[in-house]
């Protein structure tokens, strides 16, 4: 008797000379036989490394599950989202229009690998009025997956991703400032990115698009500012990736920024956040439909499952454990339902819904490129050393962090504020919030984030620094 025959006998209940009779439900046997027959029909002439599917004996009609020696799990897994959303959520929209596009027909040189684009397109939206001397412009820096649509306006009435923070009397006041928000280079909402057309080939760039850096994004934005005739920004305000962009703007163009705000960000990407973004990229790139980035314009070829899993991983880092405890606890989706391998707890269903709803709103290749730019961020590398980078920043700065942030832990904002202070900058403001919403606090906390930003933007102190003879 060969090994395969021995294994078949074992699976059918013959083991060590003892005969064990398995009683299986008629439905389970029928399913197993159907599946086994399909595999047998498609079986090649050569032996495959996997084990054969067991062939169970026929059952009689009087055999029921109640008397069975074995009762297994049903093998259909619908795993559909079965609970409604609860709690505040950020407003991300798949923006298709309502923005302007700045186009530069000059080649745009990029930071890595001698990359170069034949042309540059940057999508942007504006609110408020530019004053006569063009000194009241505020640049809002978008996060990884956000578009230029920070707030609604006549050309696009949908709520923006920072809707409650921008507007008349809001944290960024359109009665006082001219507000600009761009779609970052590498994005998919109007700016040059993997999904846009390469004018040289008349095909989408896909993954031939050059690797993007934070410096590239900032340089592209300042070309837009040149186009708008704005020589100096009143302020640059950004969170997460936007915080990196604000910091880089202040170091790269110190003569063109009056002040900057960095919320829930850092001076250099650390291993923990790099690891999280790596896993998201791996989910997408492991999806067969990703096809090395060439999935555009191919019906049925879109890496939705990879994108969905990537977003589920990201969502775990955007909120906090204390919020999960208050919002979901150990609540079951269906208390009386039989337990299966599908989601059992409401937190699982929430993650599944977040992945599903986001999976087709954002271009997977853009997520790959922009998340990689975040991983590569180290402001010290761009200027020779961290000390030199911070010595270049001479304008007032506000650094804001959240104690429950998992993606950018609070110690990273403390470190950033300390580096600014140690460089000799006398106008560094640091706030530490105890919000329960983790990294997403910058999208949800009008009291903490909104009041801090408004106060910083609208306060112009005659004197700055500390009333002490001792240096910090």
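Each residue, glycine too, has its Cβ placed from N, Cα and C.
Per TrEMBL, these features apply:
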ACT_SITE  240  active site, nucleophile
ACT_SITE  405  active site
ACT_SITE  439  active site
DOMAIN    137-421  domain 'AB hydrolase-1'
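When other Cβ atoms within 10 Å of the Cβ of residue 439 (active site) are tallied across all protein chains shown, the result is 24. In this structure, the CA atom of residue 240 (active site, nucleophile) is 8 Å away from the CA atom of residue 439 (active site).
The Cβ of residue 405 (active site) lies under 8 Å from the Cβ of 264, 320, 438, 439, 441, each of these being in the same chain and 6 or more residues away along the sequence. Per-residue confidence over the domain 'AB hydrolase-1' (137-421) averages out at a pLDDT of 96. Every protein chain considered, the tally of other Cβ atoms within 10 Å of the Cβ of the residue listed as 'active site, nucleophile' stands at 27.
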